[in-house]
Amino acid sequence: MLEVRNVSAGYGSFRALFDVSLEVRAGEAVGVIGPNGAGKTTLLRVISKIIAPTSGSVVMEGQDLSRVPAHRVVEMGIAHVPEHRRLFPRLTVEENLRMGAFHPEARRRHAERLDFVYELFPRMKERRLQMAGTMSGGEQQMCAIGRGLMSGPKLLLLDEPSAGLAPVIVQQVFSLVRRIRAEGYTVLIVEQNIQQVLQVVDRAYLLEVGTIKQSGPSAELLASPEIRRAYLGL
Amino acid sequence: MNTRILGGIGIAALAVVPLLGLGNYHLHILITVLIWGFVYTSWSIMGRFGMVSLGHGAFLGVGAYVATMLWNTMGLSPWVGIPVAMLVSMAMALLVGYPCFRFRIVGHYFALVTLALGEVVRLTIVGLRDQTGGSLGMTVTGVPEGTSLLALQFGDRSTFFYVALLVWLGGLVIWRLVDRSMLRYALEASSEDEDAAASVGVNVTRAKLMILMISAAMTTLGGALYAQYQMYINPETVSGIAISLQIVFAVIAGGLFTQLGPTVGAVFTLLLAETLRVTFGHDIHGLDGTIYGLLLVLFIIYMPKGITGSIMAGLTRRRRPTPAAAPAE
């Protein structure tokens, strides 16, 4: 479904990604794991065209995204749930969700999508008229994921959904991710919380200082001695 | 529903005002409030989304001068001249807005660009002395009979009152239409986080250009209407920095986020200016500017939602005595 081919990218003269390639097949949940500053967020930003790669390409369902502007990426079926949620804090929960179905195609099916999201997150329905910025971190994360789902995406990009949340909430967020998978969404998830994420995804890539160091099925990575030593403290 | 009935009563009340036999002075004040209320509404349509323009005098100037010059030199009716002026303004907005929005010139930097735009237009008017009369200003050539629909000139103030009333109402309607459109959501999202807005599918550049062009076109109409009413225009009174800043002040004072806020701002600033003029005359030069500046600071600190915003917040508080007690179902 999604192919990232030899992508390099950076900010100004700083390079964050070096020749990164990865693939996500339809129906899969794939993780990109690695420490702070490894370039995980940059990778997602390249995929959703918020920044342009210096070389390499991103291909979604056979179509090269290099000439697609950021606001058209959603129409291609990619929904990006950005790091730190990036809700519109002064809009209500429902308005935030509505924004997720902004493009005309999604707007037509807006009511139906909204029901789906409310069914998935009953909490959001209770809070629908509350300003998004006034909710707790976990609720905001739900709202951000809900906003992503509103466009009816084929591929959901999740950037550090556990960041800044209490351990109990982190558990909830990951079980949500599991449910979303069960609904048939293809998910690419970027996480520092390696132990948790490897229990949700099928495969993962280990990204370190901008290059892919290791990849494979989750079980294999969980068993890998380097990962156990460096990241799991075992 | 309730507000609709109230609105209807309000409009009906306004419509009979000229029949009350008010003197010319009071009618003049009302017309001025309507014209500026419309201009301020035009500004706030864009300003409420964090796009603060300090140069809307540019569009006022284009409206006043283009329409008047076409009429004075070529005898072209304002009915044609005003649309032409609006097109000129929209082209100008596009020319300045596109690079700004494309390269994310926002906040203070956008305000500075617009400030420069206002000055460019003012200096252009001054510089084209032979065509515009320069700093001395320009008189709209009057029709001999005093009143002509074709020339948009009305010897009788009450007729002009109705023209201004219609235009002002049109401004409120556009405000409401924008308020209920997806464009509003797009712009609110963009004003909070451009990246996030783009990644949910908002074409940020286009949304901002659209609102800038709507605002510019409306302001241009306001400028032309002002010229038709005053029959005399001057670069300082339509495009000066003082005018551009007064627009911002009035809207902040009246209320940036409510439909009637800008109009209340117009009433407030006009009453203030008239009181100062009547009390002090022209003895103390620059007094009104000083007081405006002082009040602006006070408003921003103590009443950031403006007069209307504060009144509405007060009303909701009274209706719901304990806001904290609202349970989450």
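Every residue gets a Cβ built from N, Cα and C, even glycine.
What TrEMBL lists as transmembrane segment is B:5-21, B:27-45, B:52-71, B:77-97, B:109-128, B:159-178, B:209-229, B:241-272, B:284-303.
Using a cut-off of 8 Å between Cβ atoms, the transmembrane segment (B:159-178) and the transmembrane segment (B:109-128) share fewer than three residue pairs, counting only pairs 6 or more apart in sequence. The transmembrane segment (B:52-71) and the transmembrane segment (B:109-128) are in contact, since at least 3 Cβ pairs between them lie under 8 Å (pairs 6 or more apart in sequence).
Counted over residue pairs 6 or more apart, the CB atoms of the transmembrane segment (B:27-45) and the transmembrane segment (B:284-303) come under 8 Å in fewer than three pairs, which marks the two as apart. Note: the stretches the transmembrane segment (B:241-272) and the transmembrane segment (B:209-229) are not in contact (fewer than 3 CB pairs below 8 A, sequence gap of 6 or more).
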